Amino acid sequence: MADDKSADRAHIPTVIADELHIVYRVNGAKTGKGSATSALSRIIRRGEERGVRKVHAVRGVSFTAYRGEAIGLIGSNGSGKSTLLRAIAGLLPAEKGKVYTDGQPSLLGVNAALMNDLTGERNVILGGLAMGMSREQIKARYQDIVDFSGINEKGDFITLPMRTYSSGMAARLRFSIAAAKDHDVLMIDEALATGDRKFQKRSEARIRELRKEAGTVFLVSHNNKSIRDTCDRVLWLERGELRMDGPTDEVIKEYEKFTGK
Amino acid sequence: MTAPPSPDDGLSPAELAAKYGLSVSGARPGLFEYVRQLWGRRHFILAFSQAKLTAQYSQAKLGQLWQVATPLLNALVYFLIFGLILKADRGMEREVYIPFLVTGVFVFTFTQSSVMAGVRAISGNLGLVRALHFPRASLPISFSLQQLQQLLFSMIVLFVVAVGFGSYPRLSWLLIPPVLALQFLFNTGLALIMARLGSKTPDLAQLMPFVMRTWMYASGVMFSIPVMLKEHPAWIADILQWNPAAIYMDLMRFALIDGYGSENLPPHVWAVAAGWAVLVAAGGFVYFWKAEERYGRG
C-alpha cells in the first residue's frame, strides 16, 4: 500500500489526469443509408457530422498517480483501458480535459514499428530506433535482446524474415525488443501473456526489473492474479468512466462481485 | 484512499501539476525544439526508409534486382508508346528525345510517389502513431527519403540510357546532385503538406492519382512545352515551364543530355528551382508541425 512507503515517495505526483475525455472519430460507419448519394449529400451539407460517427471511449476520468506506485487498470472489454493508457502517453489527443505527466511516459510495445518482411536482426535495430534508443545503445543491448527472446535456441532464426516465425516466436521477439529500454513512466498493456510458460516467467521477472527502475507503472490486464501480484492500487473503468479507485484488494473484490466470479 | 493527507490536498489538478513541474502530455513542442527532436531521430528516419525500401521486394524471387528492373521496364514502355508508336518527338532528334523522355518520367515519378506516400504517411501508419512517441514529421520525411533512394536506383538506368544514346559523362553531370537535392527538398515539403491533409481526409489517396496525372501532362514529361504550345499565347507556356515539376525535369535534362542546351531552359531557372524548394520545404514543415499534437486521432 502507498501508506507503507516513505513519505517523500508517496507525495510526488507523476501523472495527473484532469476530467479527461477521449473521442474516436470513425469514418464511413454512420448508421443509416450507406449509398453513394447519401454520402455525397452528407459531404455537401458540411454539418458537424459528415458521415463521421463518434465513439466516446473515455468520459471524464480524473486521478493522480504518485512516484513508486504500480497501478492496475481493470474493466471489461471495451471499457477504455487501453485508450486511457494511450492518452496518458500523449499518443491520443484529448477531446476535453488534460493529462499532466512527469517526463515522457511510454507504452511497452513496438509491434507497429516492426516489419514482417525484414529479418529479426533488422527488426531489433528498427524497433530500438523507433523507441528512441541510439545506435550505440542498441548495439550494446543487441545480444541481450536476442538471448532474452530465445529466438536462436532452435537454430539461427534471427537472420530469417519475421514472417517465417511462429506467432509465439514473433510475440517473444516483440516483447524482448520492447522491454529493452528503461522508462520513467511505464505502461504495460496485457504484455504478460505472451509465449510459452518458460518465457512468461522470464518476462514477468523482466517486468519486475523494469518496475524497479521506472517511477510509476501502469498495468492493463484481465488476469486478476497478475494485478494482485504486481499492483498496489487499482483503477476500475467501466464504459469509459472511473467506477472505483483504491487499494488493490478492495477494488478487485468489488470487481469480482460485479463480474459474478 | 491511497494518498495520505498532505499539504497538496485542496489544490486543483492544474495547480498540483504546476507545483511539481509536470507538463501536459502530448503537447506540441516549439518549432526549434521540434527540429531538435527530429534531428535526434535521424537514425530512425533513415533506417525506416531503408526498411520500407527493402521490404518492398523481399518476397520476389529476383529480390532487390527489381529496384533497377522496375524503372528499366517503365522506360521501355514509354519508349515503345511515345517513341515508336506515337512519335511525340516533334522536332527533337532521337538521340535527344529518348533520354529526354526517360529523364522526364523518372524525375516526375520521384515527385509523384513522394506525394502519394505523403498522403498515406500518417493515415496509413496510425498504429505506429498511436503506439510510439516520435516527432510525426519523421514519417513523411522518411517516405520521401525512401523515394529518393528509389530514384538513385533509377538513375543507374538513366545513365545507361543517356550513354546508349550518345550523351557521355561530361562536366555538366556535376549539376545532377544539386538538382536532386533541390527536388528532394521540394518533394519533402509537399509530402509534409499532403501528410497533414491526408491525416484529416484519407479520401485524398483516391483523388491524388488524378491530380498527379493532370500535373504530369501539364509539365511536359513526354514533349517539349515551348514546341508543343507554339501556336498559343506565350504566357501559357511560361506558366507551365515555371511549375516546379517542369523546372526540375528541365534542369536534369540540361545536366544529362548532350543535345539539350540552355536555350530550352526558362530564364532564372536556378533561382526558381531553389525558390520552390525552400518555399515548399519550409512552408510544408511549419504547416505539418502546427497540427503535431492532433495526428493520433483517427
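Cβ atoms are placed via backbone N, Cα and C, with glycine included.
Feature annotation from TrEMBL assigns domain 'ABC transmembrane type-2' to B:62-291.
Marked as transmembrane segment by TrEMBL: B:65-85 (among others).
Under the heading transmembrane segment, TrEMBL lists B:97-115 (among others).
A Cβ distance under 8 Å defines the sequence-distant neighbours of the transmembrane segment (B:151-168), meaning residues of its chain 6+ beyond its ends; these are 67-68, 71-72, 75, 94-96, 98-99, 102-103, 106-107, 109-110, 176, 180, 256-259. Positions annotated as transmembrane segment by TrEMBL: B:151-168 (among others).
Annotated transmembrane segment per TrEMBL: B:174-198 (among others), in sequence order.
Look at TrEMBL and you will find B:210-229 (among others) tagged as transmembrane segment.
Tertiary proximity for the transmembrane segment (B:269-289) is limited to same-chain residues at least six positions away from its ends with a CB under 8 Å from its CB atoms, namely 28, 31, 34, 136-137, 140, 179, 182-183, 185-186, 188-193, 195-196, 242, 244, 247-248, 250-251. Marked as transmembrane segment by TrEMBL: B:269-289 (among others).
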When counting C-beta pairs under 8 angstroms to the transmembrane segment (B:174-198), the leading stretch of B:65-85, B:97-115, B:210-229 is B:97-115
What residues elsewhere in the chain lie close to the transmembrane segment (B:65-85), defined as a C-beta under 8 angstroms and at least 6 residues from its ends?
53, 56-57, 94, 97-98, 101-102, 105-106, 109, 150, 153-154, 156-158, 161, 222
